[in-house]
Amino acid sequence: MSFYNVYEKLKDQPFSSLFDEVTARDVEKVLQKDSLTDQDYFTLLSPAAEGYIEEMAQKAHQLTVQHFGYTMQLFQPLYVSDYCVNTCKYCSFSVENVFPRRRLTMEEVEEEAQAISTKGIEQIIILSGESRVHSSVDYLTKIMKVLRKYFSSVGLEVQPMDLEDYEALVASGIDTLTVFQETYDEKIYRDLHTKGPKRFYKYRLDTPERGCQAGMRSVTIGALLGLEDWRKESYLTGLHGSYLQDKYLDAEIGVSFPRIQPNAGSFQPEIHVTDQNMVQAMLALRLFLPRAGIILSTRETPQLRDQLIPLGVTKMSAASSTEVGGYAQLENTQSQFEISDERSVKKIRQLLHEKGYQPVMKDWQIV
Amino acid sequence: MRDPLVIAGIELESRLFTGTGKFADHSVMRDAIEQSHSQVVTVAIRRVDLDGSGKHIVNDIPKQATLMPNTSGARTAEEAVRIARLGKASGMGNWVKIEVISDQKYLLPDNEETIKATKILVDEGFVVLAYMSPDLMAAKRMEEAGAAAIMPLGSPIGSNRGIRMKEMIRIMIDEIDVPIVVDAGIGKPSEAAEAMEMGSDAVLVNTAIATAKDPVAMAKAFDMAVRAGRMAYISGPGQSSFQAKASSPLTGFLTSTGGVNNEFL
C-alpha cells in the first residue's frame, strides 16, 4: 500500500465539475461537524465554501488555539548547496540555469550556524539543490556534527532518498523531513520535470512515507500552488497528510502551502492562486486535520503573513535567506526563489507578541 | 483544618497543578500561576534551554512553585528517559512527569512505554508522576514500579471535554494507593470541581487556563473550584439517586433513634 493507490483511484475524477456541484447547504452542514470526512474536506475546498471563509477562519482559529495554544514556532532554512541534477521548469536551481554553483565547507557551515544562532533561532532546516553527489548522506552527516552544537532541532529538505539513507540521517540527529510533491497530477509533473531523477513521480510521492518509516519525528508535505488547480492539489495534499497521519501514528504531519515565486528561469505559472484561495486551502486543512502542523514561509508578503498568523499556522520561518552562504554573507550566490518578507527575527518576535502569540524558538531537544 | 497533599514526602497545600505550554507570553503565565496558587508547575523540557543560560520559561515561574519538568515530545520509553536525564542534569530537580506519546493524532499516552520509563527513572532516584490513559492494571504496574502519583487523562489533551473517563478514574481512585491527579481534558472550573468531588487528589490544568480570554481570572476560578471540590469530597457528599428523596422523610421513625420498638430484638 502506498498513497499512490489512493491517487490512482482519484486521478480520473472530474474534480472541477465535482467541486462545482457542492452547494452552500453542503458547506453549512460540514461547518456543524466536529470531525470531518474526506468528502467534507472536499466540500470546504469548493467554490461554494468561498462564501463561508469567515466562519471557517473562526473555527480554524479556535481549533488551533485549543491544540497548540497561543504559540508560534520559528525556524530558519539553511541552504548548504545549490548543485542540482534536475530540470524543474519553475526553479532557479534547475541544472539548465547557468550560474556559479557552490557548496558550503564545514567551516562555512559553522559560520552560517553561528550567524543564525545569534538571532536566537534553535530550529533549522538544511536545504540543498537535488544532487546525490553534492548533498550525499555522508556530507549531510558531517554537517549534522557541526549543527548539533548550535541547534536543538534540525530538519532536512533535500533530494528524496532511500529508507536506509533516512535511517542513517535520523541516527545522526536529523528529526524532521520536508518534501514537496510540487504537483499531484502525474502528467503535469512529468511535463514540468523534464530530466533527472525527479522525473520519477511515484518515488517522490512515497518519500514522506519512507521518512515516517525511518523514524523522522515530523514530516511536512505540500504542493507548489500555481502548477495545477489549487483546489485539487490541496485536496490531494490533505488526503496524503491524512493517509500518513493514520498509518504512522508517531510522526507529526505538517503541511505547507507554498505559492510559486519569481525565479531565475522564464517559467510563468498558468494558474493564479489568490490570497483568498490560499487562505481557503489553509482553513480547510485545519478543519480536516486539527492536529497537523501548518508551516508558513517567507515567500509571502509581510502584510499577508501578519494576517495569516491566527488562521491555523503553527510554524513560520523568519528572516530567511534562500542563498547558499546567505546568513554569514560568505559570497553572493543564486537564491532559490525570492523571499517577500525580509523582516528580522527580532521584528517577527515583536509582531507575534503584539498579536498575542508566544514565539517558540525551541520545541525539541536532540536526544 | 490542614489537608495537605503529600507526594514523595512533600506537603502541598494546593491541589491544582498547572501547565505552561500554551500561554501567549510568559508574563501572563506568571500572573496566572500566581493567581492559581499552584505549587506544582509542569514545564516541557524540550522547550527549555538546557545550556544553563537561564533564558526561557523557567525564570518566569513563580518561586512558590515546585518545578515538575515533563518529557513531552517523547515517543518511546528510551526517549523519555533521556529527556528526563537531560532535565535533571541541567538542574531542574528530580521530579518528572513522564509523558510518552506516540500517537500524534489524538495525543493519547502509551501506557506500556510509560511503565518502562517509570521503572528506569524510579531506580535512578527520580520522583515520577506518570501521565496515562486510564486503565487500572497499567496504573497498578506504574504504582508497583514506584510512581509517586498516577495522572490519568480526563479526556484527550487540549480537548476541554471534561471528565469523559469518569468511571475508569473512579475505579482507579478506589484501587490505587498513590495520589491520583486528573490530567488533560478539564475545560472548566466546574469539571475540576467534579474531579475533586469524585475523590481525585489533584488536577492538572493547562489549556483551559492558558487559552481563556482572561487567563489570570480563569486561574483564580480554577483555584477556587479545586478547593471547593476537595472540601465537598471531605464533607462526604450525599448519595445520588434517580428518585426524589424528601428532606423530611415520613418514615424516619423506623431508623436508628426513632420509634422502633426493639424489646423483641
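Positions of Cβ are set from backbone N, Cα and C atoms, glycine also.
Per TrEMBL, the features are:
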type     : residues                                         : note
DOMAIN   : B:7-249                                          : domain 'Thiazole synthase ThiG'
ACT_SITE : B:LYS97                                          : active site, schiff-base intermediate with DXP
BINDING  : B:GLY158, B:ALA184, B:GLY185, B:ASN206, B:THR207 : 1-deoxy-D-xylulose 5-phosphate binding site
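Everything TrEMBL records as a feature, shown here on the structure.
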residue	record	CB count, 10 Å
B:LYS97	active site, schiff-base intermediate with DXP	28
B:GLY158	1-deoxy-D-xylulose 5-phosphate binding site	24
B:ALA184	1-deoxy-D-xylulose 5-phosphate binding site	28
B:GLY185	1-deoxy-D-xylulose 5-phosphate binding site	25
B:ASN206	1-deoxy-D-xylulose 5-phosphate binding site	22
B:THR207	1-deoxy-D-xylulose 5-phosphate binding site	23
At a CB cut-off of under 8 A, do any of the recorded positions B:LYS97, B:GLY158, B:ALA184, B:GLY185, B:THR207 come close to chain A? List them or say none.
B:GLY158, B:THR207
Rounded to a whole number, what is the top Cα to Cα distance in Å among the residues the record ties to 1-deoxy-D-xylulose 5-phosphate, namely B:GLY158, B:ALA184, B:GLY185, B:ASN206, B:THR207?
9
By the DSSP assignment reduced to helix, strand and coil, which category contains B:GLY158 (1-deoxy-D-xylulose 5-phosphate binding site)?
coil
Alpha-carbon spacing, B:ALA184 (1-deoxy-D-xylulose 5-phosphate binding site) to the residue listed as 'active site, schiff-base intermediate with DXP', which is rounded to whole Å:
13
Specify all same-chain residues, apart from the site residues B:GLY158, B:ALA184, B:GLY185, B:ASN206, B:THR207, whose Cβ lies within 8 angstroms of the center of the Cβ atoms of the 1-deoxy-D-xylulose 5-phosphate site, ordered by sequence.
B:GLY19, B:PRO156, B:ILE157, B:SER159, B:ASN160, B:ASP183, B:ILE186, B:GLY187, B:VAL205, B:ALA208
Please report how many Å separate the Cα atom of B:GLY185 (1-deoxy-D-xylulose 5-phosphate binding site) from that of the residue listed as 'active site, schiff-base intermediate with DXP', as a whole number.
17
Nearest of the binding-site residues (B:GLY158, B:ASN206, B:THR207) to B:LYS97 (active site, schiff-base intermediate with DXP) - Cα to Cα:
B:ASN206
